[in-house]
Amino acid sequence: MLRSISIASRAAGPVRPVARARTAVGVVAPPRVCCCAPAVGNYGQVDGKATLNSLRRLPAGYRPRSCPSSRSPDVKKVLVVGSGGLSIGQAGEFDYSGSQAIKALRESNIETILINPNIATIQTSHHLASEIYFLPVTADYVAYVLEKERPDGILLTFGGQSALNVGIQLEKMGVLERLGVQVLGTPIRTLEISEDRDLFVQALNEIDIPAAQSTAVSTIQDALDAAKTIGYPIILRSAFSLGGLGSFPHDEEELRNLAAKSLSLSPQVLIEKSLKGWKEVEYEVVRDAADNTIICCNMENFDPLGTHTGDSIVVAPSQTLTDEYHMLRSAAIKIVRHVGVVGECNVQYALDPNSRDYRVIEMNARLSRSSALASKATGYPLAYTAAKIALGHTLRELPNAVTKSTTACFEPSLDYIVTKIPKWDLAKFQHVERNVGSAMKSVGEVMAIGRTFEESLQKAIRQVDPNFAGFEAYWKPEDMITALTNNNDRRLFAIAHAMLNLDYSVDYLHDLTKIDKWFLYKLENIVAVHKQLRSTPFEQLDKELVMTAKKTGFSDLQIAQLTGKTEAEVRTLRKQFGVTPFVKRIDTLAAEFPAYTNYLYTSYNATTHDVKFDNGTMVLGSGVYRIGSSVEFDWCAVTCSRAIRDLGKKTIMINYNPETVSTDFDEADRLYFEELGFERVMDIYDLEGASGVVVSVGGQLPQNIALRLKKAGVQVLGTDPEMIDSAEDRHKFSSILDSIGVDQPAWTEASSLASAKEFANRVGYPVLIRPSYVLSGAAMNVVWDEAQLEHNLTLATNVSPDHPVVISQFIDNAQEIDVDAVAHKGKLLVHAVSEHVENAGVHSGDATLVLPPFSVNQHDLGRLKTIAEKVAQAFQISGPFNMQIIRKPPTGEEDAELKVIECNLRASRSFPFVSKVLGHNFIDTASAAIMDTNVPAPIDLMAQKRDYVAIKVPQFSWTRLPGADPFLGVEMASTGEVASFGKDIYDAYWAALLSVNGMKLPKANSGILLGGDITRPEMTEVAKNLINLGFSLYTYDPKVEAHINDQPYLSIKKILVPVKDKKKLREILEEHEIQTVINMARSRAATTLDEDYAARRAAVDFGIPLINNPKLAVLFTETLEKKFVKNNPIPYSEGFKPSEVGSWRDFVGEAATTKLEGIAWTGEAYCIILIPGIGV
């Protein structure tokens, strides 16, 4: 725990320790015009304004200028730049930070404009910002919005690396100065210094802060030369990039390939001396324009340096630091003051475990992933406070929004320990490298709170995956030494195996892993209790041992597995002993001052409750972000919680994801930062005496325990869990569809391999393997022959051994349609029909969705509505549901075939998309249906004509997953989504495509690499479109070469694609100026020696756009044809506005159907009004 803290204020004199959670004394009033500390040099007073008067070792390009005023009374309109689609390295934490920033602006009566194409986020809901632009977060498009809206200020530090890079570009373009837009908070020059590694090291040298020996380079040869000078081992780090794009090359050839890859994605890389094995420590710092500075939180990585902090287990506060804590704290304050941060930032250190020697790794002068973790770990509203500081407020005048009883100038103090564990989904990808290093690979993270490290860690392990009971030996590698020495996504379980089964000592494990012995001794405590439980018969368990186990973080299921009993039997015994958890409050002050927060957790290391209980309605959140469940389910959970509160009912949110808005302090009457498993939900339900539980807005995780909750006597609100179970079980679901006359593909229950083969031969290949109770298509596969059938059927049954596996006919070349809907007691209230661009066979989460649908006629829309009505009635649905339907186009006068392939009796990932596109909040309607209160009348949104189109495009993170095959199939692979509006499908797709992080359009006369299945009818059409646009076509496949060259007026050249030599492959792509890869392969590569695989992988490795679906390739080329001028995209120019540049209100406007509280700007203050026709 932290023993003492202080508030640093230059005005108050030298830094001195004070009692924790107390403000500094002697803080004097700021000067008439307050200023931030300079990036370099000292400020002096001239005519009441602070100016730079000492130029000592200025970084190149720095221009002395007056310091900005601490207050901005003229700022009445501010543009907030969002982060775009979720990707590895830049995820949902920016929805949280951006949402808090917008709330802070609203409180200050400032009109807020938001640009963010991530339609799944809370911040893009229209009760927050007054205008929202679903446009690319690029300098050009932000400039278009600035031209149109003419704001007074811009906030760049709440949209991650994307927003920061855009701000720097806008400054260089001169747009901000020309339009008179003030950068609020941290100035651009400070952002540049923090991002340019060379300038940052220069700044650190000026104040005698040590940094790792490094050289900034922008070419491959310079990287090789720098490495020779510094000497291996080295680390290669990218500047201006998110999520630590870097790695540890061991020799010249590895460095050459890594530098080429990094320089294709970032303009500069840093070659540093490797400090692998040192401790890694972070400090979150807040500073205002009057130079008041506090440390919000310090965190320590469980894993030593060498693993990206986003992929590390992290604890807060630090546990193994002594005097080093104050040394690094003072250095962080010194750095932040020197470079001139105004707002929030984090400083990362490498600390020698055997001395007080340290190095600064980096500084993020913006809200970051660590900021979100620190904010949730301490209860301190970092993003809210940073936004207020950006408007000129000081820490000492800002109230703490959480405690209501202190100011923001109080440093948080913790009487608990927080553990963060990353969530990797590497097992979903074929050929992926599972090692974990300096390049981030995790897709999400969990945060657990306990009173001991053991309790906190075991909680966090269960939060990562419900299949994990705790610190157990889930991985038993054959080569233990390699598994422990080289970090990977399963090393924690290898350590458990080493300690539980192989009796490795703490000293030996420390030598292998370099993990601090303090942490290893804590793991040894868990192992000791584990062994005691394993050796004690259930009948001999006493209260003392059960209490010890619970205090050490063991779950009921874990104890049951060790004693040979069921979870229910352990729960019954535990309650008989009176061993139940206590509810504790996070007050940010370690209980030193009265503070009545609603931010709660449970612990067995306590003796009293901190709260009284009041029968609220529980809403189960989505848990950790992972592929298949991301920010869209947080939007659903938050929206539902707000709707229930609007009905006058108290809400209880349960979630453990620090990146979410649902875990914000003001989104529910009570927030439990807790597990979403059966045991903990039941504990909270019993303690609170809750009036009911909502399980249908948090994705698959809450659904999986719905039936158990009902059987335990819980009042599950909305659709009956028995019906949920029937829809989740493919066999039961198909039987119900048969009974109501809704068509579906032919199917059978695969009870044996022989019966599966017989079915496949009867209906014909391809067939689809579908296990029950899975999310994002885990283990689903299209099977094209008998050999694949054997392999995939085995894989599927391993995923869900307790549920039957369904094998169904796969309809090739069919269209897929999503139907999102809400019903009440079996009656359909509202529905939306979205059309996939890709044919069936691509997971709906990876598909490109179009709304309103572009090729479904009114007759088929009516038939789809009828199917939705039948399904709602059959399952007696009360709440949200989603269906995926196959549409086989007719061959003659008959109707198109419509076959239901899946139905989820919960909100889907497309609910935010359809709600915002149609202007009707589906979750508000669903919440009314769930609560059976104020249920609206049915409405047919699809019968209304609209003069706009919206397209949702997936965001992939292939670059972060070395070796993974970038192929689209029935198993989901995307990490996020973006969406844009347009007057037609081409405008919308153009904007959505450019919204994808890292998307670079091909230039005129460049090369396109074409490959894949020549039987695809789209291949010839795509080739014709590209040649008409002036592109040169290349292929590596002789079949493609022959096929294209046989067509009139088309030509393609065959080139070599080396499948083993990355260096040679890169040179060939550069030689032929390949700027896009289009691959139409029918199936995933069997090996890494496949040329299609090599081409796809090369595209993502070297930052080349990849189009890997035939239908998508047609839309891509048609869009280029519509949007290119002289075979090139139109660059930004003053006074020009592309047709897709419009706000949500510009496009949706009066098409919105739900009356909802909106925000209007009167010129003096925000007014909360009812806007006719405005929803979402």
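The backbone N, Cα and C atoms fix where each Cβ goes, glycine too.
Feature annotations, reproduced from Swiss-Prot:
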type    : residues                                                               : note
BINDING : R197, R237, G243, G244, K273, L275, E280, G306, T307, H308, Q348, E362 : ATP 1 binding site
BINDING : Q348, E362                                                             : Mn(2+) 1 binding site
BINDING : Q348, E362                                                             : Mg(2+) 1 binding site
BINDING : E362, N364                                                             : Mn(2+) 2 binding site
BINDING : E362, N364                                                             : Mg(2+) 2 binding site
BINDING : R770, Q809, I811, E816, G841, V842, H843, S844, Q884, E902             : ATP 2 binding site
BINDING : Q884, E902                                                             : Mn(2+) 3 binding site
BINDING : Q884, E902                                                             : Mg(2+) 3 binding site
BINDING : E902, N904                                                             : Mn(2+) 4 binding site
BINDING : E902, N904                                                             : Mg(2+) 4 binding site
DOMAIN  : 201-391                                                                : domain 'ATP-grasp 1'
DOMAIN  : 734-931                                                                : domain 'ATP-grasp 2'
DOMAIN  : 999-1154                                                               : domain 'MGS-like'
REGION  : 70-465                                                                 : region 'Carboxyphosphate synthetic domain'
REGION  : 466-610                                                                : region 'Oligomerization domain'
REGION  : 611-997                                                                : region 'Carbamoyl phosphate synthetic domain'
REGION  : 998-1137                                                               : region 'Allosteric domain'
TRANSIT : 1-11                                                                   : transit peptide
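This view paints the features noted in Swiss-Prot onto the structure.
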residue: R197; record: ATP 1 binding site; Cβ within 10 Å: 25
residue: K273; record: ATP 1 binding site; Cβ within 10 Å: 17
residue: E280; record: ATP 1 binding site; Cβ within 10 Å: 23
residue: T307; record: ATP 1 binding site; Cβ within 10 Å: 24
residue: E362; record: Mn(2+) 1 binding site; Cβ within 10 Å: 20
residue: R770; record: ATP 2 binding site; Cβ within 10 Å: 22
residue: I811; record: ATP 2 binding site; Cβ within 10 Å: 21
residue: H843; record: ATP 2 binding site; Cβ within 10 Å: 22
residue: E902; record: Mn(2+) 3 binding site; Cβ within 10 Å: 18
residue: N904; record: Mn(2+) 4 binding site; Cβ within 10 Å: 21
Using Cα coordinates, what distance in whole Å links Q348 (ATP 1 binding site) and I811 (ATP 2 binding site)? 53
Between the C-alpha atoms of T307 (ATP 1 binding site) and I811 (ATP 2 binding site), the distance in angstrom, to the nearest integer, is 45
Considering Cα atoms only, can you say which of E362, N364, N904 is the nearest neighbour of I811 (ATP 2 binding site) among these binding-site residues? N904
Assigned conformation of H843 (ATP 2 binding site) - DSSP reduced to three states: coil
DSSP on the region 'Allosteric domain' (998-1137): how many residues come out helix, how many strand, how many coil? 54 helix, 23 strand, 63 coil
Which of the binding-site residues R197, E280, N364 has its Cα closest in space to the Cα of Q884 (ATP 2 binding site)? N364
DSSP three-state assignment (helix, strand or coil) for I811 (ATP 2 binding site): coil
For a quick check of understanding: given the listed ATP 2-binding residues R770, Q809, I811, E816, G841, V842, H843, S844, Q884, E902, what is the maximum Cα-Cα distance in angstrom, as an integer? 18
Which residues does N364 (Mn(2+) 2 binding site) neighbour through Cβ under 8 Å, counting only same-chain ones at least six apart? S194, C345, N346, S370, S371
Give the distance between the Cα atoms of K273 (ATP 1 binding site) and E902 (Mn(2+) 3 binding site), rounded to the nearest whole Å. 53
Over the span of the region 'Oligomerization domain' (466-610), count residues by DSSP class, listing helix, strand and coil in order. 72 helix, 11 strand, 62 coil
PLDDT averaged over the residues of the region 'Carboxyphosphate synthetic domain' (70-465): 90
